[in-house]
Amino acid sequence: MSRGGSFDSSHLPSICPPEFSKPPHKRPPRRRKAPKKSPVKKYEPVNVHHGVAEAGPSNSDTYGPVSPRNEPSLPSSVESPAEENLLEPDNRVCESKNEVGDGSGCGVVIDVMTVLEELQLGAEEPELSSDQFRINDQLQEDELLAMESIYGENVIILDRQRGLRSFEIRIEPKIPDELTITTKLPSSNSKMQTTSTTSTADEFSYSFRVQFVPPIVLTCSFPKSYPSHKPPHFTISVQWLDSLRISSLCSVLDSIWMEQQGQEVMYQWIDWLQSFSLPHLGIHQEILLGPYGVKHTGDRRAVSESVSPDVDIPSLRRYNDEQTLENFLNNLHECCICFSEYPGSDFFRLPCQHFFCRNCIKTYSDLHVSEGTVNKLLCPQSKCGGMVPPGLLKQLLGDEKYERYESLLLQKTLECMSDAVYCPRCEFVCIEDDDNFAQCPKCFFNFCSLCKNARHVGEPCLTPELKLQLLEMRLKSSQISSTQRLAEQNKINELLSEKEIARDAKLCPHCKMAISKTEGCNKMVCGSCGNYFCYLCNKAITGYEHFRDGACELFSQEAIQQWEAQMNMRQTVGRVRAELNLGEAHSCPNCGQRNAKTDNNNHIFCWACQKHYCYLCRKVVKRSSEHYGPKKCKQHTAG
């Protein structure tokens, strides 16, 4: 996988959209004839007036749907006037798309194309012969074609400025796996409670991590004397650097030209900005935004698009989200259920940031809905328990199965409510009172919620045995119709079933579901509501503390003896097999006892220390699903 292919979930949107099928943002196509003085710029702050910044994309389609990340958010208690802009920038359209802030926050607006025209007017062109002019013109055309073939859509050809070739190229600097972006937030008019580190009494440090930063924009025009005599006119625009640091980059480009005057220099400039600009500025793991509120100083070719924290932070995070998503879509990833590799567009992502291939998550959802265990339809990742959004389920299940899902979920929810009962006549949901009586709001039948008979104030409920006798007596009567006789027989069968279930089962104290233990300990988990209870005393519990006081045993003596007998037999079989296959047996990495491989299974269970380990790598295995896989050890091999 390429960098970022391992998919760091903490930088992805969490709820919109649930499927990685349509990237929210695509790089604009290369345009050969952009309108004069209007090169396309993404994420550019605009309309800076009196120190208050307004930001927005150049059109409404530039930004796709993005969602919150699992990163530290900005302090929510900031009461400064710019608080709303800090969390969600303005979406008004830029009036002049080639105008950017100077990074000072002082209301100064810098027009990149105006700066380029000033550089052209201030430069003195030497007199060239017609042959030299044709040679320069041909070299410029060849260099532009070469850059287009190398950098593709990152190169945008602009209209000629004063008859000179002009273009813009977006250069993505090489960064480590992650960068920390830090800025200083003033706290003069805020009551801030945060865990961030304070730098001074009036400032707070806010940091967040990114994998991508907006590109360095190099805008150039070729004078007629380039490359024979003069270098290209250029400006450098960067959103996350101040003008002084950008001026340092301009000086390096000048020095590169001085070292190879008379030659084409664009590729060397672009390569240096891409590979060495960050190390040159001393940026290895962290970028410090700002300073803000400082007038533009340094080289006039250095254009800082940095405006203010309330504009820069949302813009940088949005760009990182979109590029991370696009990078995920363009790479192959391994599904942690089937261990197969698919492109990112074939995955669904849950709000907990875990992602699974389309086939696996659909099969998983269909299985739970078919079996009625909708309360367990959670994130398949081990020990996660995150929810699966209803919108995603509707897309996976279809209309018919989704209706069944909603119906089962409502039923499971009502069963978990201690005061919710069903009417014995129409099966409508009712709420019982403190005396265990309820009235159906649909058929208005008053009944006892314990015995499901008519309301009997001051009289005890009929026991199941007595109720069964009455039903059998009514069944023997010759005065009832065949339909009523069938209904009475069904009631008898239901009472007999409940009697048989009650003999070997316990009712869950939460939802009254009958549960029978087949083996294992006395700590039971209800398959309907998911709550724990003790099988001996039928009390609701949360952990194993209930069994530590000695009132109830975790394992019965009979179960312990049965388990020991099984383990002794397993130990005997394993030991005999190792002795019979002594030449093929190998030592356990935990205790050193010899074990033999069974058939083609590389998952070995040591008969002596009861540890599991891998036959191939000789390492102890805690979870087979995490140890074996397509790019890991094979669980089944011959020999």
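Backbone N, Cα and C atoms are what each Cβ position is placed from, and that goes for glycine too.
Going by TrEMBL, these are the annotated features:
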COMPBIAS  23-40  compositional bias 'Basic residues'
COMPBIAS  89-100  compositional bias 'Basic and acidic residues'
DOMAIN    142-280  domain 'RWD'
DOMAIN    331-556  domain 'RING-type'
DOMAIN    335-383  domain 'RING-type'
REGION    1-100  region 'Disordered'
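Applying DSSP to the domain 'RWD' (142-280) sorts its residues as follows: 44 helix, 46 strand, 49 coil. Mean predicted confidence for the domain 'RWD' (142-280): the pLDDT average there is 86. Residues of the domain 'RING-type' (335-383) grouped by DSSP class, helix first, strand second and coil last, total 20 helix, 10 strand, 19 coil.
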